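First comes the structure, then the notes that go with it.
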Amino acid sequence: EPGPSSDLTTLTTKFAAKGLTPSDLTVLSGGHTIGQSECQFFKTRIYNDTNIDTNFATSRQANCPFSAGGETNLAPLDSLTPNRFDNNYYKDLVSNRGLLHSDQVLFNGGSQDTLVRTYSTNNVKFFSDFAAAIVKMSKISPLTGIAGEIRKNCRVIN
């Protein structure tokens, strides 16, 4: 699976291996509009990346010290509306406020910039494309019969 420090080439290659397009990658990454990440996964970005809003980096550094400690401290993946499914994740990217390196590479002068900008201004298109990509992803090598299970709680095996 792709990691939080992956570059765009790595991400698109890993998604392509599952039959997903770069556009699928970009829209599915929008799932990060909800959720959090531990400091250990974004520390390098907030102290070393140059494509990051300075005020954003400083605010995240307050809860994620450069020296040892705080590795499990959490920060929201969507700084604007972390508990609402919307397109603000993309607004963060356009403002160089992506928490993970692997998020910000979607908007960094590369092939996905136009789509990120579109989603940042068009919530309806994001919702529609996200739904279609989720359905597409659900068809990737599904486990059937006794090999798979439908969980009532994703974290607990039935």
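Glycine is treated like the rest: Cβ placed from N, Cα and C.
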Site co-member for Ca(2+) according to Swiss-Prot, given Asp78, Thr81, Asp86, out of Thr21, Thr26, Thr33, Thr144: Thr33
Disulphide partner cysteine [Swiss-Prot] for Cys64, chosen from Cys39, Cys154: Cys39
Structural state of Cys64 (disulfide bond), classified by DSSP into three states: coil
Shell list (Ca(2+); ref centroid = CB of Thr33, Asp78, Thr81, Asp86; cutoff 8 A): Ile34, Leu80, Pro82, Asn83, Arg84, Phe85, Asn87, Asn88, Tyr89
His32 (heme b binding site) versus Asp78 (Ca(2+) binding site) - Cα distance in angstrom: 7
Those recorded positions listed as Asn48, Thr81, and which of them has the most Cβ atoms within 10 Å of its own Cβ: Thr81
